[in-house]
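Here Swiss-Prot flags 97-189 as disulfide bond. The feature N-linked glycosylation site is assigned by Swiss-Prot to 5, 155, 265. Taken from Swiss-Prot, the feature topological domain 'Extracellular' applies to 1-25, 76-99, 155-196, 259-271, supported by sequence analysis. Here Swiss-Prot flags 47-54, 121-133, 218-237, 293-298 as topological domain 'Cytoplasmic', drawing on sequence analysis. Residues or ranges marked as transmembrane segment by Swiss-Prot on the basis of sequence analysis: 26-46, 55-75, 100-120, 134-154, 197-217, 238-258, 272-292.
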């Protein structure tokens, strides 16, 4: 490995998990099954929505794109993670690391905005049902989804550009199972203050903005539901967004654990565990959540 700057680094060594050898095969099988189940579930949900004319509505247009995003970001990290269990030296080229980080960051960010958009969709469906067809027109929901992809691409491009323009002279060993931002920054011998600021500003804004949209949407939704006189009406309205609320709770609960836990000696290992749940388990759960809680999706 070169010692000068980032252009001299040709590859990184992904350290993966600090687990004993006898458990590696078990983890490999479990994570492989989760990944395959995730692919089957999300591809199946996309095909179901595409082929069933009853599901050609904004309420199912958004989960369709959520499934696509889940496929993309879990596929960006899981194959390389599985490789870490089968190879002693799990290497990734510099270019491969850049691409993995870019793809993962793009779709992980888009995921946040899609969940916020889906909360807004639930708000309009429950709080303004008579105006729903006018507000959530085909043009509007296509623009909203396109916007989530654009924001994800811009966010990821900025982070990728600033991260991989650094000088790496400490080591080429990334203490993670994929090319994630903070473990990569830990290898740099450059001043990373601007990178930390970008992380705080971009990631902080993305999380806070989307969380606030979701929180305020559900505040209005709950107020509207509580005002309903009919028990059946309340139940029907709540079931409309129950699947989304479940998905959001799991998604942001995991992110909160990842980014808000206090720093400690085992915090990096905890981050790896949370990253597994965020990057592999949640994409598997989403199609199950939507299919079980929506009668049309069964």
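Note that Cβ sites are derived from N, Cα and C of the backbone, with glycine treated the same way.
Of the two recorded stretches, the transmembrane segment (197-217) lies close to the transmembrane segment (100-120), with three or more CB pairs under 8 Å once pairs fewer than 6 apart in sequence are set aside. When the stretches 26-46, 55-75, 100-120, 238-258 are ranked by Cβ pairs under 8 Å to the transmembrane segment (134-154), first place goes to 100-120. Relative to the transmembrane segment (100-120), the listed stretch 238-258 leads the set 26-46, 238-258, 272-292 in CB pairs under 8 A. Outside the transmembrane segment (272-292), and at least 6 residues removed from its termini, the chain residues within Cβ reach (under 8 Å) are 17, 31, 34-35, 37-38, 41-42, 44-45, 63, 66-67, 70-71, 73-74, 77-78, 81, 104, 176-178, 180, 243, 246-247, 250-251, 254-255, 257-258, 298. Looking at residue 97 (disulfide bond) and residue 155 (N-linked glycosylation site), their Cα atoms lie 17 Å from each other. Residues belonging to the topological domain 'Extracellular' (155-196) score a mean pLDDT of 89 in the model. Per DSSP, the secondary structure of the topological domain 'Cytoplasmic' (121-133) breaks down as 12 helix, 0 strand, 1 coil. When each of the disulfide-bonded residues 97, 189 is scored by how many other Cβ atoms sit within 10 Å of its Cβ, 189 comes out lowest. With helix defined as DSSP H, G or I and strand as E or B, the topological domain 'Extracellular' (155-196) counts 18 helix, 4 strand, 20 coil. Residue counts for the topological domain 'Cytoplasmic' (47-54) by DSSP state, with H, G and I taken as helix and E and B as strand, are 7 helix, 0 strand, 1 coil. A Cα-Cα distance of 24 Å separates residue 189 (disulfide bond) from residue 155 (N-linked glycosylation site). Sequence-distant neighbours of residue 155 (N-linked glycosylation site) (same chain, six or more apart, CB under 8 Å from its CB) are 105, 106, 109, 202, 206, listed in sequence order.
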